[in-house]
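As structure tokens, the structure follows; a few thoughts come after it.
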Protein chains: 4
Amino acid sequence: MAEGADIAGRKSDHIDIVLAASPSESDRIATGLEAVRFEHCALPELSLAEIDVSAAFFAKRLKAPLLISSMTGGPERAARINAHLAEAAEELGIALAVGSQRIAIEGRASGGLDASLRRRAPSIPILANIGAAQLVLGYGRNEAMRAVEMIGADALIVHLNPLQEAVQAGGDTDWRGVLGKIGTLARELAVPLVVKEVGAGISASLARRLVDLGVAAIDVAGAGGTSWAAVEAERAADARLKRTAMVFADWGIPTARAIAEARAACPDTLLIGSGGLKTGLDVARAIRLGADLCGQAAASLAAADHSSEAVVAHFAAVVEELRIACFCTGSTDLKALKRAPLINPPDLAG
Amino acid sequence: MAEGADIAGRKSDHIDIVLAASPSESDRIATGLEAVRFEHCALPELSLAEIDVSAAFFAKRLKAPLLISSMTGGPERAARINAHLAEAAEELGIALAVGSQRIAIEGRASGGLDASLRRRAPSIPILANIGAAQLVLGYGRNEAMRAVEMIGADALIVHLNPLQEAVQAGGDTDWRGVLGKIGTLARELAVPLVVKEVGAGISASLARRLVDLGVAAIDVAGAGGTSWAAVEAERAADARLKRTAMVFADWGIPTARAIAEARAACPDTLLIGSGGLKTGLDVARAIRLGADLCGQAAASLAAADHSSEAVVAHFAAVVEELRIACFCTGSTDLKALKRAPLINPPDLAG
Amino acid sequence: MAEGADIAGRKSDHIDIVLAASPSESDRIATGLEAVRFEHCALPELSLAEIDVSAAFFAKRLKAPLLISSMTGGPERAARINAHLAEAAEELGIALAVGSQRIAIEGRASGGLDASLRRRAPSIPILANIGAAQLVLGYGRNEAMRAVEMIGADALIVHLNPLQEAVQAGGDTDWRGVLGKIGTLARELAVPLVVKEVGAGISASLARRLVDLGVAAIDVAGAGGTSWAAVEAERAADARLKRTAMVFADWGIPTARAIAEARAACPDTLLIGSGGLKTGLDVARAIRLGADLCGQAAASLAAADHSSEAVVAHFAAVVEELRIACFCTGSTDLKALKRAPLINPPDLAG
Amino acid sequence: MAEGADIAGRKSDHIDIVLAASPSESDRIATGLEAVRFEHCALPELSLAEIDVSAAFFAKRLKAPLLISSMTGGPERAARINAHLAEAAEELGIALAVGSQRIAIEGRASGGLDASLRRRAPSIPILANIGAAQLVLGYGRNEAMRAVEMIGADALIVHLNPLQEAVQAGGDTDWRGVLGKIGTLARELAVPLVVKEVGAGISASLARRLVDLGVAAIDVAGAGGTSWAAVEAERAADARLKRTAMVFADWGIPTARAIAEARAACPDTLLIGSGGLKTGLDVARAIRLGADLCGQAAASLAAADHSSEAVVAHFAAVVEELRIACFCTGSTDLKALKRAPLINPPDLAG
Ligand SMILES: Cc1cc2nc3c(=O)[nH]c(=O)nc-3n(C[C@H](O)[C@H](O)[C@H](O)COP(=O)(O)O)c2cc1C
Ligand SMILES: Cc1cc2nc3c(=O)[nH]c(=O)nc-3n(C[C@H](O)[C@H](O)[C@H](O)COP(=O)(O)O)c2cc1C
Ligand SMILES: Cc1cc2nc3c(=O)[nH]c(=O)nc-3n(C[C@H](O)[C@H](O)[C@H](O)COP(=O)(O)O)c2cc1C
Ligand SMILES: Cc1cc2nc3c(=O)[nH]c(=O)nc-3n(C[C@H](O)[C@H](O)[C@H](O)COP(=O)(O)O)c2cc1C
């Protein structure tokens, strides 16, 4: 219980730190998406209103290729945030990934991660979430299915966060055997398994190995957006931890590169591009580089903390920007956008 | 009528916003012209006074390869601005493109776009102007000829502005069929047809398609100067529109690249280089990259708002700078300037 | 004696200047290490606690691949600093290189460079230190052995500092014959001979020549960290000297390049990477480029001036950062780290 | 006479403007020399004191490869400055180029450009100076010999300044026939003919043509130092002239490139590198790129305005810096320096 309170406090800290993200953040590593520039099409033979930005997520269809990325909060705050996100995702017709269900699985507090979530979002894809570190500590098929069933999820995310664990006091840093356990889950689970990072990126070689083990989708969650090392540095009480976390604030594979390389390594896998995406133009760029869907966490957090209307308004803007990017590249749908010509494309070939 | 008042107010806003362009604009995307550096010729075997910067515009001859680019204003303001521009263009012997004639065609207000314009500028080329969006809304050969005849124009410009339409409230964003209508106009019109953008550039492939349809000249109007997304962001009342417009403030093909690529794709077409040209040195660079004529809108707007003398003085400086660029590259005329050696030329090959 | 006091004063100045290093220093030349970016491994099949960062230093084994780089101070200050460093190095299990023993050899003051040093650090490698300039002024095998024996050293460093000598008043700048004397020392000395720079780097061709003469290890001490020209500029009384020293403040081979090139030229030599290393991530980068061990002077000076506990804490952080770099690249030991994939590696091939 | 007073006033303005050069100048175009980085030689088998930096200037030998570049001033000021420079050049054993002798040739005022100059500097090379514009206005062999004899010069410089003439009110901009007149002078003159620019550089192709016409030496005087367009902009009374001059403030071939290309085109010609050289390290870089001698104007002007001692002190520092650059690259003389290895050399091949 003490540990539970501890985790809960930590999660709430995270939200406050991300929301307060200082301008100095802009000095940090970039996603690389800013270097992806589309060639303008001055004469699109299209109607903006008719552009089709829908996308498939396994059996379901999304109105836009978007996923609200996993975010945990402290128990009361989480409940509110999750309710806002679920209602908004349903209205928007986009996917929702919940934050880590560790506390909920351990039965200590649900934070809104229960049947109420699915009631708020009956039709859209919902993704459950557990951490690789939990797999080490003994989680297996049973706990995974509990996470899925608790919220009626369509798929399960396992998140990989070795750096975050390494730069925090008491993090779980014995990761031996995790790959095997992911393989077992992929085989035994009733729903598709998705593996994601949390802001440092998944390399092409790891993506390939995971897909070979049966993982159904990869969310690169690359560097350039939320930096967990920077967040943990902000939280760190002791100077040594703070220094060490800051040393790794820029660690990671930038999102643009992570997407391009994972797509090259896994041509047929469902690929989620995320990490530092801010606008619908960023979404268009990520799709151009090979993403099928795009995720966003930090950029939607303020809206999530506020109301479901705010979340709807935020993502409506993102969708409109994506549509304009399609319009001004003459792309009638996302398939066309994936082939839109670029100006002076960055070399992301490895 | 209400709509007319509305458009008129919008146009006057545009002028004020462009005139007030904040210094922060300098953070924005560049034309790419600044990277075009001429090799100095320390011993030009020339007389500066004898350098020939004249250029052909279809049947007429210009004293300098310059075009005052299309600018609309609100009705009273437009009348004054157009009078200044016409008198100055006549004195300078350069071409004048008028702003959109939509309001005038619809008979609501002429803004100086009537027979008085040609009286003020009897000898120079005058270019009429309608928008691609008007073609969608039903304009055809008749309206086009009305635009031409109203001001005794030598040619008609159709401007393409899909981004501007997309980022403003209530813009015209159904562009299906525009290409076909342009082809029809090109065939049926009594005067040459020119197609231009308004600051986001025309790609090489589109330029080629337009020329194949019979378009007589292309004005690239590339990115790096006036950004209509930024202007509309400034005007936007609602926060969502403002955000979305800002996302696209840097969209577009930079002018230098647009010129070089259009020239490569259309070796024999009359090519107008424009978008962010400020000085006669910029004009020299655009010509070096392949432009036959150069257009300028925003940089001449303050003078246009002031007096015809101010416009003459402004363009006289531009011409003198172009002549000095010829002198210091040892170029006796614009044909020679097109072959002047460059230092470390930027790679604009696509 | 007067000269001794003079040297002593100078050395104490050096420490104060390095400790006060102004932020403007950050405008100066970079080590090049910042451009070495590891590919993140999101799923290390490792336990952070089990990662092996031990390294060999000739016959001895270090707990981490670290060397405290040579630093002299004025006599009393030096004694304190050397005591702190020796106690800390022993506790940490890392190597300690002492500062120049010139004053001590000449019997004028020991500054802690006597048998007490070895008593404080009985097990770790200790490196004695003399300057190339001393070789010119007559030092030979006898003085070298006195330096080694005085502190029970495992090896002897000869430092090369031509720039520092050249930009200071009365520096020793007749270096004819130094190479031959180093060759003789390498043959005749009972302990291994190490040659280092002091912050301007050792080139690949010189490294190769030194190794061919029998030198057992090279410490590149490249540019990007302490700049002796800048330090001497700070100290210079007369304006001419200050100006001339500043002209050379950015002189030298950046550390990253120096390491990569020396490793390519001397594939089997013990190579110490140093010059501007600040964090354990810098150490990981230097090792990735080819260093076997890494040295740090300025970054540890404040701790050294304070207490042995501060030195232990400082290097413990460095070691932890190195371990995290191993963990997040999936490297089980330093041998694996040397092969860890990089993102967009800088071209350091010459 | 009125015209003479006018020129005199203008020249004095120039000096004040150059002396007051604002820090904003540092935003301007760079010489390119800053990108030339020597590989450090940590073990020079040399004595700094024995390094030979002497150089040949036609029949005479200089103690260092330096030329004080041509500078005119108003009449009284010029006399003082020229006296200081002559005494200092004699003491330093370096060459002295005087400023334009136009006023003196026309017999209106000598500004110290008379027999007194040679008395102050009996042994060193002195270079006379006339402008290309004067050749157009009728100067020929007679005026040229008068310039040479008036000061007992060893050679005659003809300076080319088309940009400076073009951006000033009433400049001489009819340059037809200048090349032929230079050829005639080269054939007919009793002393070697040197051709220089004044800060915009001489291209490789022009250098080659001049040499083919019999010109004995080229002084590139490239961009990155004094910009005459910027100086004239500062002086310009009317806004149009000021604007136009500023447009060309960054015009020209950067010094580093100009030297490298001229050397490639003229492998055996005496080549003077100048334009923005500040330190002896810049001199070393220019020599490494192919210069035989190096010139400096603006950087020595403050000293020249002060006293001959100040000039001696200034150039003594430059020489010492050049010697240190030789020492720290292991170069025993300038011939060796020309082959010293560079780090990551800039591509100046055209
Ligand atoms: C407040 C917050 C909480 C998060 N909690 C989780 C989590 O519980 N599980 C997870 O897989 N990722 C979590 N993440 C990581 C995000 O899902 C995402 O991968 C990362 O923030 C990068 O995306 P961004 O730059 O759009 O924020 C969290 C992110 C934030 C900002
Ligand atoms: C105030 C203003 C009004 C404009 N109105 C029109 C117009 O009515 N029709 C048109 O084709 N372009 C119009 N433009 C676009 C310009 O013709 C030009 O293509 C664009 O501004 C880029 O050039 P610049 O960077 O020199 O301003 C306008 C531009 C400005 C600044
Ligand atoms: C205060 C101070 C004193 C030094 N004294 C010596 C010395 O006596 N002998 C020597 O070989 N290097 C000496 N050095 C140079 C260092 O060993 C090292 O090569 C150089 O400072 C570059 O490393 P850094 O950037 O980590 O400081 C000294 C450095 C400092 C900062
Ligand atoms: C005050 C001043 C006067 C000059 N007058 C002349 C001149 O009369 N003749 C000439 O050939 N160059 C003249 N120059 C140009 C210089 O000789 C030199 O080519 C140019 O300034 C570039 O070198 P710098 O960057 O070292 O100043 C003058 C330069 C200065 C600063």
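Positions of Cβ are set from backbone N, Cα and C atoms, glycine also.
According to TrEMBL, the protein has these features:
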BINDING   A:Arg10, A:Lys11, A:Ser100, A:Gln101, A:Arg102, A:Gln164  substrate binding site
BINDING   A:Ser69, A:Ser70, A:Met71, A:Thr72, A:Ser100, A:Asn129, A:Lys196, A:Thr226, A:Gly276, A:Leu277, A:Lys278, A:Ala297, A:Ala298  FMN binding site
BINDING   A:Glu165  Mg(2+) binding site
DOMAIN    A:181-340  domain 'FMN-dependent dehydrogenase'
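Shown here: features listed in TrEMBL, placed on the structure.
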| residue | record | contacts (Cβ under 8 Å, 6+ apart) |
| --- | --- | --- |
| A:Arg10 | substrate binding site | A:Arg235 |
| A:Met71 | FMN binding site | A:Ile15, A:Ile81, A:Gly99, A:Ala297, A:Leu301, A:Ala304 |
| A:Ser100 | substrate binding site | A:Ser70, A:Thr72, A:Asn129, A:Ile130, A:Gly131, A:His159 |
| A:Gln101 | substrate binding site | A:Leu113, A:Ala128, A:Asn129, A:Ile130, A:Ala147, A:Met150, A:Ile151 |
| A:Gln164 | substrate binding site | A:Gly171, A:Val198, A:Trp228, A:Ala229, A:Glu232 |
| A:Lys196 | FMN binding site | A:Ser69, A:Ser70, A:Ile157, A:Val158, A:His159, A:Leu160, A:Ile202, A:Ile218, A:Asp219, A:Val220, A:Ala221, A:Ile272, A:Ser274, A:Gly295 |
| A:Gly276 | FMN binding site | A:Ala30, A:Thr31, A:Leu33, A:Gly199, A:Gly222, A:Ala223, A:Gly224, A:Gly225, A:Thr226, A:Thr255, A:Asp282 |
| A:Lys278 | FMN binding site | A:Gln296, A:Ala299 |
| A:Ala298 | FMN binding site | A:Val18, A:Ala21, A:Gly225, A:Thr226 |
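Taking every pair among A:Ser69, A:Ser70, A:Met71, A:Thr72, A:Ser100, A:Asn129, A:Lys196, A:Thr226, A:Gly276, A:Leu277, A:Lys278, A:Ala297, A:Ala298, the residues recorded as binding FMN, the greatest CA to CA distance is 23 Å. Cα spacing between A:Arg102 (substrate binding site) and the residue listed as 'Mg(2+) binding site': 15 Å, rounded to the nearest whole number. Maximum C-alpha to C-alpha distance over the listed substrate-binding residues A:Arg10, A:Lys11, A:Ser100, A:Gln101, A:Arg102, A:Gln164 is 17 Å. Recorded residues A:Lys11 (substrate binding site) and A:Glu165 (Mg(2+) binding site) have their alpha carbons 14 Å apart, per Cα-Cα distance. The average pLDDT computed for the domain 'FMN-dependent dehydrogenase' (A:181-340) is 97. Checked against ligand 1, the binding-site residues A:Lys11, A:Arg102, A:Glu165, A:Gly276, A:Lys278 give A:Gly276 as the ones with a Cβ under 6 Å from it, listed in sequence order. Every protein chain shown contributes to the tally, and the Cβ of A:Ser69 (FMN binding site) ends up with 32 other Cβ atoms within 10 Å.
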